[in-house]
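The block underneath contains the structure these notes are about, expressed in structure tokens.
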Ligand SMILES: Nc1ncnc2c1ncn2[C@@H]1O[C@H](COP(=O)(O)OP(=O)(O)OP(=O)(O)O)[C@@H](O)[C@H]1O
Ligand SMILES: [Mg+2]
């Protein structure tokens with residue numbers, strides 16, 4: 001009995017001691033020193049091999065691999081765990097990046113093998129030295145270097161400043177010879193559109209499907225290659241004005257960290273001109289043609305650009321660098337009058353409908369614009385929606401933003417607008433095709449949500465951009481009410497999630 005008792009006490013003492021050692025090691029950080037010593041001890045039994053990555057070649061040219069290794073190492077979690085690390089501000093003012101100190105050593109794990117990097121600095125020359133165990137070298141060296149390549153490329157892509165490229169006419173000589181801004185027929189400006197998938201009122205499931213579609217597309221290089229297909233994905237965004245199509249394009253570009261090439265067909269003189277524009281786009285870009293229906297339906301004498309020129313462009317077959325990914329996006333008010341051949345799978349892979357607001361979109365906007373999750377007026381709004389009234393998200397969000405200091409007033413304004421302007425709006429959307437005469441002349445001052453806009457061009461552009469012209473004009477437009485039922489049947493609010501992925 002005494003022996004059993006003594007053994008139990010001994011076991012308890014051993015367990016308590018182990019527990020205390022563990023607490024001591026982790027709480028004081030001694031675990032790191034222990035690991036370091038253990039690793040040195042292990043290294044005594046291994047032959048290691050060293051690979052140098054110098055910053056400059058013998059001809060004093062920059063070694064690209066050095067930069068990639070630097071980007072890769074600075075992103076490692078073990079950088080944060082190292083004894084000391086340099087901190088720098090990044091490109092953005094609130095960004096802080098980590099940087100290795102001279103002669104600092106950093107560890108990394110790859111495929112179960114441990115490797116070390118030493119940031120060697122001798123005679124003012126920087127070199128990264130990779131230390132790999134000989135036993136692991138054959139197995140991991142090549143895949144590890146490839147891994148560094150792809151991770152640093154990804155990081156570069158994420159961190160790069162996006163640009164918006166706009167095509168100009170051949171004869172648009174603006175005397176601007178800055179190569180950063182000019183690329184053949186394209187001119188570019190920084191792309192800083194704040195829209196993201198999170199800021200767009202749309203069914204969450206639909207957003208997630210688009211996101212995963214884009215994600216699987218950008219990872220599918222080998223797949224497209226094997227199929228002998230151009231590595232591109234084409235989206236058609238269609239729906240009435242002010243429903244978020246352009247914002248969605250910006251959200252896609254921000255999500256992918258891709259530049260945007262906005263093709264203005266009215267500035268394209270011929271098929272070969274369009275061909276040239278496509279050839280001058282870079283990989284990892286979103287190529288957009290807005291209001292394609294306007295071109296296809298109204299195509300006449302204004303340009304020598306032919307339908308087959310546009311179809312070839314959509315097919316991307318003219319693209320010499322077709323193994324580089326491109327996302328193409330076309331927007332339309334409606335695809336009713338469009339030849340199905342233009343929309344066939346392969347030419348357009350994903351169709352996304354952008355409807356007018358339904359109650360669910362209203363609630364998303366109320367939450368983002370007014371911070372309202374629920375309100376006593378919500379049932380009333382819901383009832384109005386059930387009676388078929390609707391407004392575009394642009395109109396709805398503008399009313400909310402203008403009254404954001406008083407959520408109740410904002411909701412009352414929305415209710416009034418729905419009752420007076422939104423009756424049957426869901427069905428009337430088709431009338432806006434081609435932006436016919438329903439808009440009020442912009443030569444008079446227009447009032448919207450209590451805000452008085454002046455006449456100058458900047459404001460006109462702003463209002464055009466934000467779809468603000470319609471609210472007032474529809475109030476005054478008798479022609480707007482006609483031919484409504486047909487469209488209502490075609491685009492019921494529940495059609496929000498009509499994502500169709502072909503091919
Ligand atoms: N679904 C939405 N969610 C959040 N905001 C939206 C939505 N739709 C439109 N908006 C807001 O309305 C404004 C106009 O949207 P946008 O320009 O994207 O519409 P559009 O469909 O491209 O219109 P148009 O066909 O006239 O070009 C933007 O400020 C945008 O933020
Ligand atoms: Mg638009």
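Note that Cβ sites are derived from N, Cα and C of the backbone, with glycine treated the same way.
Taking TrEMBL as the reference, the stretch among 388-416, 475-503 described by the feature region 'Disordered' is residues 475-503. It is 421-452, from the ranges 325-356, 421-452, that TrEMBL records as region 'Disordered'.
Remark: secondary structure over the domain 'AAA+ ATPase' (231-358) totals 44 helix, 27 strand, 57 coil, with classes taken from DSSP.
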